[in-house]
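The transmembrane segment annotation in TrEMBL covers B:9-30, B:36-55, B:62-81, B:93-113, B:125-143, B:163-185, B:197-213, B:266-287, B:317-334, B:354-381, B:414-432.
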Amino acid sequence: MDLLNALVALTNYVMIPAVAYGSQLALGALGVTMIYAVLRFSNFAHGDTMAFGTMVTILITWWLQSMGINLGPLPTALLALPFGILGCMALMLFTDRVVYRFYREQKAKPVIFVMVSLGVMFMMNGLVRFIIGPGDQRFSDGERFIVSARDFKAMTGLREGLAFKTSQGITIITAVVVVAALFWFLNRTRTGKSMRAYSDNEDLALLSGINPERVVMYTWMIVAGLATIAGVLYGLDKSFKPFTYFQLLLPIFAAAIVGGLGNPIGAIAGGFVIAFSEVSITYAWKKILRYLMPENLEPDGLVQLLSTDYKFAVSFVILLIVLLFKPTGLFKGKSV
Amino acid sequence: MSETVKHSLMFAFVGVLIILDGTTSFGIFAGSWNSALGILNMGLVSAIMALGVNLQWGFAGLFNVGIMGFTALGGLAVVLVSSSPTPGAWSQGGIGIIMALILGALTVVAAVFITKNMTKGKPRVLALTALLIAGFFAYRAVFDPAVSGVEAINPALYGSLGGLGLPVLLAWPAGGLLAAGAAWLIGKTALGLRSDYLAIATLGIAEIIIAIMKNEDWLSRGVKNVVGLPRPMRKEIVLQEDPGFLDTAASLGLDPVVASTLYVKITYSLLFTVVLLALLWMAQMGLKSPWGRMMRAIRDNEVAAEAMGKNVTRRHLQIFVLGSAICGVAGAMMTTLDGQLTPGTYNPLRFTFLIWVMVVVGGSGNNFGAVLGGIFIWFFWIKVEPMGAGLINFVTYGLADDSALKLHLLDSTAHMRLFTMGLILLLVLRFSPRGLIPEK
C-alpha cells in the first residue's frame, strides 16, 4: 500500500508536471532548432515570439468569451489558437521581410544575426507589454480537471490523490499531434524535403532549383505555429506573463543544445531531459520518501536538492555540462 | 572637416546637452544641476561598461549577453568589502559557510581530478557519481545550519554576513575580480565553440547570478536589500554641519542643502572621470599595441590567425575576462553611487541591452565611440520617457481625457523604452553599422 501511495505521489508531483512541461519545452525547442537548421542562428526572440502568439490568442479568447462562445469542457483558447498562429505568422513574415532578409543577402556572420534577433526580441517584448501589459493574465476556462485529487482518492481509497489537469492532458495530446504532423511534413512532403535539403547543404539545394526564400518563408511560418502552440499551452497550464516567457528562453535553448542544435528529434528529447531534471531536482522528496523508508529512518528536512527559485540554474548547469563534454548534443546536431 | 574635429564636436554636443539640462527647463530639460550631474555620473559609469563590452565585441567579436550579471557581481563586491561586519555573524555560522564553500570547491576539484586521471569506463562514472553525491550532501549538511544561524541574527537589520568594513574604493577592483572569476568560468566552457554558445551561456549566468543574489539572504540580505553603504566622501548631512563648508557655500551664494548635494555629486563625477580616463588610456594603449593588432587579426580571420600560431581560444578567454572585469568595476561604482544594493532592480533591458545599444551606436571597435555612446545613450534613456509621454499626449490630442485608449496608452509609455531601444539598435545595425565614431 505504501509503495502504491509513493507511486501515486511520484506520478502526481513529478511525472505528470514534468511530462507536460517537457512537451511545452520540446515544442519551444523545436522552433529554435528549426530556425537554427535553416537560417543558421540562435533566435533570441523566440521567447517573445511565443509571448506574442499567446497574446493574440488571449485577446481573441477574451473576445470569444464576451460573445458567449465556448468549447464546453475544453478551454476556449483552443478555438482562438488558429487565429493566434495566423497573427504570429504575419508578424514573423513581416520581421523577416524588414529585418532578417537584408542580412541574409549580405551573408552576414551568425553573430550579427544573433545580435539582430536580440533587437527584435526587445521590440516584440515592448510590443507585447504595450498591448496587454506586463502583468499576469489567466485565460483558461472549461473543466479544470480530467481527474481531480478528491475523485481519485474516493475511487481508489488511497491516501495520496492524483490530479490530472485538463491543461496537462491537452498539452500532451497537442504535443504528440503537432510533433507527428511536423515529422510527416518534413519527411513526406515536397516542401519539407526541400527544407531538409536546404538545411543539410545550402549550395547543393540551390543547385537543384530549390527557392531559398520559399524555404525561409515556410520555416518562419512553422516556427510561428510551434511557438504559439507552445506559448498557449504553457499559458493554459500556468499563466501568461511577458517576463516569464522571456525567461523561458534559457530552458528552451538548453533543451535545443542538449539534444543537438538543428536536430528536431534532439529538441524533443532535450525538452524532456530539461523538464525532468528541473522538476525532480526542485521537488521536495520528503513526501515520497516517507512512504518508502522505514519509520525510524524518515528524513527530517524536505529532501529538496535545490529551491525552486533556482530552477533556471538546473537547465544552465545541464547546458554547461553538455557544452563541456559533448558540444554537439546527445543527438548529433549541426554545430561545434 | 577632419575626423578629429568632427568627433570632438560630437563630444561637445553631448556636453552641451548636459549643460542645457542644468541650466534650462525648456522642453525635455530638467533645469537643475542636480539632475544634470546625476545623468553625467551614470553616463560615466555607463561609458565604463561600454568600454568593457567594446573590448569584447569591438576587439574580439565576442557576444556577451550577460553584462547584467557581471555588473551585479560588482555591486555584491561593494557589500562584501565595505559594509560593516554583522556582530556575531562569524561565530554564528560564517565560518561554517566558508567551510561549506571550500568543501564544495574541493568536491569539484576532486571530480576534475578523477575525470582527468581515470580511464574512461564504468568505474570512472561510478566514482564520479559517488563523489558528487557524497560531496553534495556533505556540503548541504555543513551549509544549511550555518546559513540559518547567520540569517537568524536580527533579520530586520542584519541577517547576513555583512562585509569586511574596508574603504569603499577598495571594493571597485574587488568587483572587477569577482566578475573576472565568473567570466573565466563561463569563458572556459563556452569559448572555442560556436559564437552563439557564448551568448547563451552568458545569458544564463546573468540570470543565475541575479537569482543567487535575490535568494541567498546570508550573502547580501537578498531582496531585503542592503542600504546605507559607505561612501568615498563625506555625507551631505555631515557637510551641512561643517562650518568651513557652510562658509564656502555662502560665499558662492548657494543654499547649504543644494551645495552639499552638488559637492557629493561633483566628487563622484571627478572620481568616475579618473577611472574612465585610466581605463580608456589602457584600452587605447592595448588597441595600439601588438596585442591589440593580434586581437583584431583574430577577430577578422580566426583561421588565418590560428595558422600564424595564435591560440585563438586562449586569447578570447583573456579578453573576455578583461572586458567582464571592467563591467564588474563599473557595477561596483554604480552601487557605490546609489549607496545601496537592490538585487530586485537588475533587469536585462537596463543592464545588458542598453549597454549594447551604447556600444553599437557609439561605434564598435572604437573606444572613444564607446564612451560617447555611453554618455549620449544614457542621456537619451533618461529623456525617452518624457518624450514618449509628450508624443502620446500629442497623438491622442483629440481624445477625451478619460477615454480608455488614451489612459491605456499613457500607462504603457514605460514600455516604449523597450521598443525604442530595440528600434534604435536595429536601425543603427542596418543603416550605420559602424556607429557614430567608426573604427579606424
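Just so you know, glycine gets a Cβ as well, placed from its N, Cα and C.
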Stretch among B:36-55, B:163-185, B:354-381, B:414-432 sharing the most Cβ pairs under 8 Å with the transmembrane segment (B:266-287): B:36-55
Recorded stretch, among B:62-81, B:125-143, B:197-213, B:354-381, B:414-432, maximising Cβ pairs under 8 Å relative to the transmembrane segment (B:9-30): B:354-381
Top partner of the transmembrane segment (B:354-381) among B:36-55, B:62-81, B:197-213, B:317-334, B:414-432 - counted as Cβ pairs under 8 Å: B:36-55
Same-chain residue ranges lying at least 6 outside the transmembrane segment (B:197-213) that approach it to Cβ under 8 Å: 62-70, 72-73, 76, 182, 185-187, 189-191, 219-220, 222, 320, 343, 346, 348, 352
Residues from the same chain, set at least six apart from the ends of the transmembrane segment (B:36-55), whose C-beta lies under 8 A from its own: 18-19, 21-22, 30, 64, 67, 71, 262, 265-266, 268-269, 272-273, 275-276, 279-280, 283, 286, 319, 322-327, 329-331, 333-334, 337, 354-356, 358-359, 362, 364-367, 369-371, 373-379, 382
